[in-house]
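Some features that Swiss-Prot has for this protein:
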TRANSIT   1-74  transit peptide
REGION    65-117  region 'Disordered'
TOPO_DOM  75-339  topological domain 'Mitochondrial matrix'
COMPBIAS  86-112  compositional bias 'Basic and acidic residues'
TRANSMEM  340-361  transmembrane segment
TOPO_DOM  362-370  topological domain 'Mitochondrial intermembrane'
MOTIF     368-376  motif 'Selectivity filter'
TRANSMEM  371-391  transmembrane segment
BINDING   Glu372  Ca(2+) binding site
TOPO_DOM  392-488  topological domain 'Mitochondrial matrix'
REGION    464-488  region 'Disordered'
COMPBIAS  475-488  compositional bias 'Basic and acidic residues'
Amino acid sequence: MRALVSRTPIAAALRSATLGSQCASIQYNSLNILDRLPQPLPSRSFRIRYTGVSTSGRVTQTCRRSFQLSASSRDKRGPQSAEPDPLERLEVKKVQQQHENEKDDSGRDTKSGGKVAKAMTKGDTIAGKLLTTPSRLFKLLIPLTTINRKDIEQIAILIHPQQPLSHLERLIQSEVPPIEDENGQKRPPAVSFIALQLEQDAIRPKRGMYEGTDAEIHRVEGGKDDATVAKRGEDFQEVDETFSYLRRPGPGQGDKEQRFIRWSQSTEIGDFIRDAARAKEFIVTIEGAPAGLEQIHVAVPSFDERTYFLRMRLRKISRRIQGLAEIKHECDALAHRGAQRVALGGFGILAFWWYIVYKLTFETDLGWDTMEPVTYLVSLSTLMGGYLWFLYHNREISYRSALDFTINARQKKLYQMKGIDLQVWESLIDEANAIRREIKNIAAEYDVDWDERKDEQDDRVTEALKKERRLKNGSQKEERPKDDRDDD
């Protein structure tokens, strides 16, 4: 083995290998360059390492001759004529440029395009995802390019359902690098939102109208600037191809096609997602994005994913309601039994009064003449006392009202004894009904049947929520006729 130390470029160093050498170890500017050239060269492969870059190739018969000629000419010229020629300088410059292109601005090796190139060569599908948060906002995870356009980053964007799509467009524009227009001025790229159109009358691009417009312009301009007209036709052809790409046959509909349509930027995000939920995805198109990122497919969450936090909150509230419902059920049962005992006690008092009047009227010397005014006055006094009682408590004069009053009074005492706060109970019931109503609305959007008993977890919780809804619906029905009478 012969070691050569030279400051000449790679080609000159290779020419220094003579025909008789079996292998050569070449060191160039403190960089190890290994080249094994066994003679009589039975192998055709060689590998050169320069600044960490591996270059492989095939050695042909012509290369062998060039090595031989270079070696012989070097022996004839001598050491003083070993000056780098233009071809050698071009070779070194090309390798340096290749090495510089493989590093980004921060000096990190990006391996020829970074993750964008890797994803495109592997054929991976770059897609985003829409998630929900406990605060009932949407979290959009979308892959976007960095400023140097050599890498892809997952960007998380929090959006409110009542915000317009234009707000989401501005958020995406702030994360992507600007593009240059025809005048060389930088501007934010245009962002469009496309969703599947499930109606039968799909909106189709009228390509014939564009072609007719081009022909008319060409005729008016007198046939000049054919390149501009041809370019405009290519643009419309690209638009038509884009819409052809955003087209797929409907499931179970034979040859019928489903098309995607672009939504206005003034549409609320909640309405857009509600419509895109039927197709389970929508597309975000970014102007000037690298290959593979012009159309980002964003997966819309399913019903279970969309209502996950709502159902978890409902289950948590249901467990609290269940613990209170057990104690409340015992207190209510005791209160009802107490009210029944009060009613039976009132009947016993009336029966005892009837027996006294009978005894005093027919079995004593008082007789009917004395007992008649007594019974009349006692009955009238009882009626007047009851009337005053209903006026004082502002209640309707009925047995049901008196029974409810008795039950409620007994319930309050029992609740205080058991440590139940009615305000907490009512707030939990109202919140559970509100969450249930929201989940029902989302289920209607997704066209699914939601079994509320699985999340409410107990029949007593279901009955408590249903009872509260009935009370509210009954009060609303009673208030509506009153409002109508007031309007009249």
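Indices start at 1 and increase along the chain as displayed.
Heads up, the Cβ atoms here are built off N, Cα and C, so glycines get one too.
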I'd like the number of other C-beta atoms within 10 A of the C-beta of the residue listed as 'Ca(2+) binding site', please. 12
DSSP tally for the topological domain 'Mitochondrial intermembrane' (362-370), helix/strand/coil in that order, comes to 5 helix, 0 strand, 4 coil
For the transmembrane segment (340-361), what are the same-chain contacts with Cβ under 8 Å, counting residues 6+ beyond its ends? 367-368, 371, 374-375, 378, 403, 406
Just give the helix, strand and coil counts over the topological domain 'Mitochondrial matrix' (392-488), going by DSSP. 81 helix, 0 strand, 16 coil
With a Cβ cut-off under 8 Å, give me the same-chain residues at least six positions beyond the ends of the topological domain 'Mitochondrial intermembrane' (362-370) that come close to it. none
Give the helix, strand or coil assignment DSSP yields for Glu372 (Ca(2+) binding site). helix
